[in-house]
Amino acid sequence: MIPEIGHYALTLALCVAVVQAIVPMVGAQRGDLALMNLCRPASVALFLTIAVAFAALTHSYIVSDFSVANVYLNSHTDKPLLYKISGVWGNHEGSLLLWILILAVFSVAVSVFGRNLPPALRARALAVQAMIVVGFLLFILFTSNPFERIDPAPLNGRGLNPLLQDPGLAFHPPMLYLGYVGFSMAFSFAIAALIEGRVDAAWARWVRPWTLLAWIFLTLGIALGSWWAYYELGWGGWWYWDPVENASFIPWLAGTALLHSAIVVEKRDTLKSWTILLAIVTFSLSLLGTFLVRSGVITSVHAFATDPTRGVFILVLLAVTVVGSFSLYAWRAPQMKGGGVFAPISREGTLLLNNVLLSTAAATVLLGTLYPLFADALHLGKVSVGPPFFNAVFVPLMVPMLIVMALGPLLAWKRGDALGAAKRLWLALVAAAGVFAATYVAAGGQATHVGAAFGMGVGAWLLIGTLVEWAERVHLFRASPGVSLRRAVGLPRAAYGMTLAHIGTALLVMGVVGNTAWKTESIQVMSPGETLAMAGHIYRFEGADRVDGPNYDAIRGHFTLLDGDGDRITELAPEKRRYTQPPQATTEAAIHTSGLHDYYAVIGDAATDHGAGAYVTRFYYEPFVPLLWYGALLMGVGGVVSLTDRRHRIGAPARRRAEAAARAASTRASSGPSGGSGVTAPGRAS
Amino acid sequence: MKPAEQMRPGRLVPFLFDAERRARLAGGDTRARRGQGAVPCRAFRYGAAVRALALAGVLGVALATVAPTPGWAVEPDEMLDDPALEARAREVSRDLRCVVCQNESIDESNADMARDMRLLVRDRIEQGDSNEEVKQYLVDRYGDYVLLKPPFKPTTYVLWFGPALILAAAAAAAVSFYRRRAAAPPSPPPLSAAEQARLQALIDESEGSKDDDGAGRGGAV
Amino acid sequence: MKKVKVVYFLPLIVVAILLVFFIVGLQRDPRALPSVLLDRPVPTFSLPGLPDRDPALTDPGAFQGKVVLLNFFGSWCVACLQEHPVLKRIQAEGLVPLHGIAFKDKPEDTLRWLGRHGDPYDAIGYDTTNRIAIEFGVTGAPETFVIDKQGVIRHKHVGPITDEVWVNTLRPLIEDLQNG
């Protein structure tokens, strides 16, 4: 019964979405406020119907209703409750339902929190959002119905892939989806603005929080996936340039560019048609990623359960979306007049450079991901494009961006003083040189380490440069501590958001570079009592035993990690698990972290020909890996802090905006530099 | 109640065997790669499946392929005694694609096929082949497909020059943006040192906690 | 002004091109890996046969002077079992010698498998190390090569041979080669 309610709710949602897609749009064209305002109850109804469907599927999972094919295929009674729930989105149909739910959540959030949006803009944006929902509802109802029944019902399910039975992975998909799908809001606003034919600072201000929200989720979602792969995989890697990873990384790059170009629209009323384009492109790339992964047009390590029918459907969805939106763009974008003028060396100039490099990076990763497809379609032969290509082309694009990233926030809007800014970065330069020299020498002074040392130097440059910018802003050491403190408290949260996110980026860069360059590995057979020295530490193998888990059994190895002097640091107990339902083995690495470096132990198969109790063991010294997680977390925290900036809060009192506008007008001439903030929009607000 | 295998076929079964169906649709290749992998690649894509799975789960790829036993990439028994040669073997292995695993280097893969290729790489290195010769040996048998770093040749010019061309196009767009804007009225000239100082003084005087836009930070004009 | 407007159509053009590629791409199998050995002589090899089973396919000499089919198989290979009846029909038809190379297998397992399901092969070589499979650029089993009278590889079929493949592709090709 409940699955039928879910199915019915989905069908009902389709009707509501159709209404929401048409009526407010017509209303906006006619200027009929009543029709326009229909978008609000409609979006609530849409959310409720989809939520009912989602709840119905979740219920089927929780009670293990194996008469539902989807539950039978992906669940099992022995599974812990958490993984029964996460099983809902651990498969194609359920994840699609989650996708639609998130579309609806964003839709309803805009109608609830967007009270101060102009009615026409809101009506159009929500109508566009509903169009996307219609497309995906058609997709799910016609090709991927999660409520399909089996008769008679099997006694038990086939189980969820044990690799998905992990807390990190339980929450990773929803996070990533919130990011992926969240960019739909920027897309909808962009389409609405194109239809309206007007983009101004106020528009940018309304769009930014939604873009930022999506970006935060996507950042954390990717990081969570990477972290999971790192500890679960058993060989300590965290990024592989696999097409599936790229499918999430490309929208991230585009979304990051969008986040920055929207600042220029908001503050300086220019780069408007470009920002609109980026908003469309970012969401289109999310759709493209979905298409690539689910259609099987490219070989990913994951494209093994794909379906051409679904591929065709998503391709049609993608085609309608991109052809429609880019045609609209070609038609309406030329009418947008740019506002503020600025010099290449200025805050906007660096933001534009950021956009040039980030969009080139996104296009490059896309090219590499799709090239096997191009080559095959053009009969140029089968090629593979793997990590060596991506590393070779991606890194040179990032280096200039990271260098300019420290400089940008120190420049004034409109026309900056590069030399002045560079002078104030002397400390960062010293730090970078120091880090470069120190890492180079520490690494043994070989020529092969110049690149890595340089990368660490770039990270230090960005880290210190960002801190210098903050210090300058609060007049640290220039004013009395009291004044500095007052200024620090008074700084807008958006500024702190930028500082945190940029520091996060610096840490991430150092983590990536340092780990790539200095990671070491040791693979051997060990008997109980044997020791192995590696990276200044000693691993002593104490033996291995069998343990039983709820739905698996495992070999658990016992290691003692000793420091260079032979003092015990900790015990490491990696496991090799064998799950029964479905039958599959996983590795549970044991990781000891010093906060800066990780010591990673894995137990392998018994090496019986080396005597009783001997096992294959693997150790990884993973330097700087924690910096990756700190960095990603700081980026996310920076995003959240920025989101809480009152100027981003939707529904911020109009009074404040007027006040800010007045002050902006008075300081316009000087327009002092300030990261992620600055002079209030000269557009509608003033 | 009937066992699961006897349940209604129709839409469900094709779903279960998507790989086969896809293969059939793609032109008669009913040999499912994962079927083929049943024994020799017993750990077929264990590692690979694991790795991007994080994202795959998300993207809704049904996780149909399971590995019955755990596999490992490089095993101690395959390693060469000479650390320098072994290091070279690892380096070469990382650049070679496991041809049955899709998008995974033989160094990372647990597939038997990858193990055979690793052993081959080590053999050839021991026999005195250079890294390039080893790679060429496999290219001669499997094509450029085995190279994770595509060779630089006419069919890959677009790939290798692409990023530079995209960057040039993006830079050209930015330059043209500035050019077009230069025609528009110029921005006010920067403040002189004296104005700057005066502004700074004013700002410092009126510094308040309501410094909402951070415009108070001077000296940057 | 006219020139500037063209710029706004660029994204549309780019995505249109991409869509065309996707449509083409959907109809192709990204995993199909064409052999690079086509129109090249058979790699040299030296193999033992299976114990107590004759004749043995020990070297490429067996390919000289006649068109042959060379099939890579193993007892572990599920899809080989699927094509097995077709191979038996091909053998019964007698158009072409069918040789096999068993790889990644234990000889006793191969023999047991052949004993249980029937033995359609003329000569069988036994590849212990998988090296010969790599020499042939084989990625799995079953894979089947058509080798002409000069010992040159003319076709490779990946996956199980079905009656349809035999009738529509392999037999016509073999007949052509035999007459040519």
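In case you wondered, yes, glycine gets a Cβ from its N, Cα and C as well.
Taken straight from TrEMBL:
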- A:38-62: transmembrane segment (TRANSMEM)
- A:96-114: transmembrane segment (TRANSMEM)
- A:175-195: transmembrane segment (TRANSMEM)
- A:207-229: transmembrane segment (TRANSMEM)
- A:249-265: transmembrane segment (TRANSMEM)
- A:311-331: transmembrane segment (TRANSMEM)
- A:315-646: domain 'Cytochrome c-type biogenesis protein CcmF C-terminal' (DOMAIN)
- A:352-374: transmembrane segment (TRANSMEM)
- A:394-413: transmembrane segment (TRANSMEM)
- A:425-443: transmembrane segment (TRANSMEM)
- A:449-468: transmembrane segment (TRANSMEM)
- A:494-518: transmembrane segment (TRANSMEM)
- A:627-645: transmembrane segment (TRANSMEM)
- A:654-686: region 'Disordered' (REGION)
- A:661-672: compositional bias 'Low complexity' (COMPBIAS)
Outside the transmembrane segment (A:249-265), six or more residues from its ends: residues with CB under 8 Å to it: 179-180, 183, 186, 199-201, 203-204, 207-208, 211-212, 214-215, 218-219, 222, 271-272, 274-275, 278-279, 281-283, 285-286, 288-289, 348, 351-352, 354-355, 358-359, 361-362, 365-366, 369, 676
In contact by Cβ distance (the transmembrane segment (A:394-413), the transmembrane segment (A:311-331); 3 or more pairs under 8 Å): no
Leading stretch by Cβ pairs under 8 Å, where the reference is the transmembrane segment (A:394-413) and the options are A:96-114, A:175-195, A:207-229, A:425-443, A:494-518: A:494-518
Among A:96-114, A:175-195, A:207-229, A:449-468, A:494-518, stretch most in contact with the transmembrane segment (A:627-645) (C-beta, under 8 angstroms): A:494-518
Annotated stretches the transmembrane segment (A:207-229) and the transmembrane segment (A:425-443) touching (3 or more Cβ pairs under 8 Å): no
Among the ranges A:96-114, A:175-195, A:449-468, A:494-518, the one whose Cβ pairs under 8 Å to the transmembrane segment (A:425-443) are most numerous: A:449-468
Winner by Cβ pairs under 8 Å against the transmembrane segment (A:449-468), considering only A:96-114, A:175-195, A:494-518: A:494-518
Chain residues in Cβ proximity to the transmembrane segment (A:494-518) (below 8 Å; excluding those fewer than six residues from its ends, i.e. six or more beyond): 238-239, 398, 402, 405-406, 409, 439, 443, 449, 451-452, 455-456, 458-460, 462-463, 466-467, 469-470, 473, 621-628, 630-643, 645, 647-648, 674-677
Non-local residues, at least 6 beyond the ends, that sit with Cβ under 8 Å of the transmembrane segment (A:175-195): 25, 28, 89, 95, 98-99, 102-103, 106, 110, 121, 124-129, 132, 203, 206-207, 210-211, 213-222, 224-225, 248, 251-252, 255, 258, 275-276, 279-280, 282-284, 286, 289-290, 325, 328-329, 332-333
Stretch-averaged pLDDT - the domain 'Cytochrome c-type biogenesis protein CcmF C-terminal' (A:315-646): 89
